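In what follows, a single structure is set out as structure tokens and then discussed.
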């Protein structure tokens, strides 16, 4: 083994993004597949996920939820992000939107500054952690739920209209950085809270928006070109 | 006959005791599982280059020879990989598994991070630093760590310097490639890859594992797999070629002699020769090369010659004293020994081993013939003399003009073609005995792992560690530009992971400067109190330096150990190089013009050594030829051509045929020629010494036929070296046998020669009328 990548240490990040993206149903492949062959997908997933099914409340089915989230996947989602930095006892807030584009996924921050990150294998500026995410993204395109269960113990509560889950990392490497992830939503994922072992916290409030209503920034101009 | 006098019994008894000791030693060695070597390179010369290069070669060899890599792909590969690790551990074939815990360069380097700056960060301006700091904070999920590393120095360092194709998933290392997800199982062997017991344990474990998991695709890489394949092939060839040769010879002898006792007496010397050769060679050379065994064992087929000549003589002339035969028998041994002992002068350890093995085998067989066989009673079977008489008619008593013309025409054409079209081939890959699919697997794994091959490198020396690191840093821009222009595929040296103290200091200065310039602005933009900048900057106060030793002693850095040479007079480091093109080689050689840098391409160096060696051997061959011509001319005067035609004509014909079929001569073709020369000389000498004796012609025919059986089979060997040798011998020996009748055509009644021959001739006549 010549070099072991430091992807290792970015595992929490990639997993997190994976989950957030999955729950946002942000990838077109999943949405299309879900719409065209909903029953088939549900059946496949049901057989793969008996464990989570039993954990789920009677009226709340993890597979149906996943399919529902995927079907509702909007092209653009606005976010409010709050990052609590424990050691500095300070909070950093930002807001912006996600935009799904053929060349990849754009994370656009609008406030307090404009900043844009393109999540794509072709982006040379992408950090190692981001890059590590890409293979997982492709897993997501195939609607691979088993991956989520492989990495987390999932507790799902509530109803299809109002549910929340807590994900606890199984992998000790992930658990080293990440304590848990809490998700809340109804027909869509509305909120995500990440608790780090360092005491830091990250909260995201999400809301779908029409892409046409988004402000034209210098960076979005680039996207559309 | 000299049956049983005290003076002959005592040496025979001593010889018996000696052979018994040999048998005990060989049994002991086999019991112990002493190593058999299968490397083709073991046959190649010790380098006469600088000792430090040899040291580097050895160090690389030691490191990589014991490594093995197994890649798995398919369903449930994670559990299967875990199971395989356990099975490998249980089998006792590996001393350690490399990756039981993930290496954590992030932890090792955390405190050093302000002294480690990636190239882009070194060159980036303050604005770029600011933007990177902001992006890190605003991109979700990222463990921003603003207090320790607001600009992501460590992330970028790891990304630039230490990222590879291997990542950690499901508790083990994996490679996520376009073909799918490969699980990596890597280990260090518990001993020498050439140890047969170790190979057997490992291969059994792996075979069982593969049978139990048919759904998995398995790729193997490592010297041990090539060694095992080579050993397997050589073992099966020794049994097929050895057995084929033995059966063929047995059939032939059974047909001619028809007495089990005689046949046993013929095989006894071969067996004794093999026993002596194996025992003494094994004692002299700590390990035996399997090629030596295969080659030498077949070569000992010559040793049956002595027994053949003796037995044919005794069967056909039971009344004549054996003393008549000893001179030619001794001359036969001497010429053969000369041909093989010449190889002792070559610088190739493997060749020396082969020469020793063969010479010992010949001596052992000869001694058995000389000391034991005369003690055995003779009971000729009438069929033997019938066959001898029948064969004896096949001689050209007075070669007609047509025969002479045709023979001359063929020989001169062959010589002409050989002179005009003979080419030498020194491609080392041609001699690689590994099966093609194993080589392909190895290349596949190397490609997936993105490892530079370990045979091409720069060796850099300096007065001290700091100077060494600085020197490595100084040549890095050249390598970078070669790589950017597509001349160099990859390179690796220790300064990539551990910068020199000077560079680490420069980096720290730059980080301080950027913290001062950018940090307040960053904090302000994200809405934090700029006063915090002072607190964050305090972390730059006591940053420890990263040293080579510290890095190599960590789990993350230990794989870099082969890049630094231990125990040299001056500190020395290697720059491993991937694929290069000719313009890169030119630049690298230019670079190696400096006194402190050496460029080394082991494959190329070996090829050059091979070609030098081939040239040397052709010179030896020529010298041997001249010596034989001179010696035989001196002994036989005008009849010398009769003794010379079989060996020299056969060599010329063989060279002609090889040249006409566009076969580039390798080292092993040349060794085959040496063999043809040796057997041809035996035939020439015996047929000239005893020109009218039907027993000689019978013995020569049997000898050629038995050697043909042995070497004809070698031509079908899958080991390229043996194949080349076999083909050469096949052509050469057929030529030898065909040329003897042309050469031996002295009329029994020609009456030209000495008294000795006159007497000889009258005896032959009396026998023939008998």
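The backbone N, Cα and C atoms fix where each Cβ goes, and this holds for glycine too.
Checking the ranges B:291-313, B:429-451, B:452-474, B:475-497 against TrEMBL, the transmembrane segment annotation falls on B:291-313.
TrEMBL lists transmembrane segment for one of the ranges B:178-198, B:199-219, B:325-345, B:514-534, namely B:325-345. The range from B:158-177, B:238-257, B:538-557, B:558-577 that TrEMBL describes as transmembrane segment is residues B:238-257. Scored by C-beta pairs under 8 angstroms, the transmembrane segment (B:643-661) has its highest count with B:399-420, from the stretches B:238-257, B:264-285, B:357-378, B:399-420, B:617-636. Segment contact is absent for the transmembrane segment (B:617-636) and the transmembrane segment (B:357-378), given fewer than three CB pairs below 8 angstroms at sequence separation of 6 or more.
By the Cβ criterion (under 8 Å, sequence separation of 6 or more), the transmembrane segment (B:667-685) is in contact with the transmembrane segment (B:722-740), since 3+ such pairs are found. Residues 299, 302, 305-306, 309-310, 313, 351-352, 354-356, 358-359, 362-363, 366, 369-370, 620, 623-624, 627-628, 671, 674-675, 677-678, 681-682, 685-686, 689-690 of the same chain lie 6+ residues outside the transmembrane segment (B:325-345) yet bring a C-beta within less than 8 angstroms of a C-beta in it.
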